[in-house]
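Feature annotations, courtesy of TrEMBL:
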ACT_SITE  121  active site, pros-phosphohistidine intermediate
BINDING   12, 60, 88, 94, 105, 118  ATP binding site
DOMAIN    4-144  domain 'Nucleoside diphosphate kinase-like'
Ligand SMILES: Nc1ncnc2c1ncn2[C@@H]1O[C@H](COP(=O)(O)OP(=O)(O)O)[C@@H](O)[C@H]1O
Ligand SMILES: [Mg+2]
């Protein structure tokens with residue numbers, strides 16, 4: 001019922017140059033997810049090839065590498081209840097023309113380059129999330145904290161005592 005997961009999110013170069021960094025971060029924050037790691041990097045060819053190794057040999061592999069190395073990206077580790085599937089749903093279908101309105105790709109993407117330019121990357125499984133987080137972040141670049149309202153979800157109001165119980169519990173990762 002409460003499975004706390006971490007997932008890798010990348011605000012891809014098309015979104016960075018279009019000025020969408022804030023919009024995307026804002027959606028993740030408002031959903032109730034915690035950003036526990038974040039940095040801007042210009043992904044180089046070596047890193048891009050490692051990240052997208054599963055697509056090596058496919059016709060869109062070279063255009064994909066050119067796309068993600070074309071300008072800086074913002075990479076984030078995002079944490080929360082069922083974060084992996086939740087963020088995939090928020091991202092929407094791979095091709096922004098098929099992505100539902102209300103999703104990030106559905107709301108902010110349409111045109112494509114040689115590869116499908118689609119604003120955001122989000123890990124697709126526990127296994128990929130672990131691999132991708134390790135690829136982009138060192139342990140010491142990830143942080144633990146509670147968002148200000150989280151005490152509310154994980155505490156109980158004791159009517160008799162007139163106080164909150166368990167009010168410090170928010171991170172049972
Ligand atoms: N058929 C395609 N032609 C061009 N680019 C593609 C194609 N399929 C995927 N891509 C690009 O490669 C990335 C990785 O592909 P994939 O893992 O299938 O999608 P997703 O990012 O939704 O998990 C996509 O986000 C997109 O930028
Ligand atoms: Mg994928």
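Every residue gets a Cβ built from N, Cα and C, even glycine.
In this record, ATP is bound by 12, 60, 88, 94, 105, 118; the longest C-alpha to C-alpha distance in that set is 21 Å. Around the Cβ of residue 94 (ATP binding site), the same chain contributes 105, 116, 118, each under 8 angstroms and 6 or more positions distant in sequence. Residue pair residue 88 (ATP binding site) / the residue listed as 'active site, pros-phosphohistidine intermediate' shows a Cα separation of 9 Å. Checked against ligand 1, the binding-site residues 12, 60, 88, 105 give 60 as the ones with a Cβ under 6 Å from it, listed in sequence order.
Here the domain 'Nucleoside diphosphate kinase-like' (4-144) returns a mean pLDDT of 98 for the predicted model. Put simply, residue 12 (ATP binding site) is 7 Å from residue 121 (active site, pros-phosphohistidine intermediate) when counted between their Cα atoms. Least packed by the Cβ count within 10 Å, out of the recorded positions 12, 88, 121, is 88.
When Cβ atoms from all protein chains are considered, those within 10 Å of residue 118 (ATP binding site) total 24, not counting its own. Under DSSP, residue 12 (ATP binding site) is assigned to coil, being neither helix nor strand in the three-state scheme.
Residue counts for the domain 'Nucleoside diphosphate kinase-like' (4-144) under DSSP, helix first, then strand, then coil, are 62 helix, 30 strand, 49 coil.
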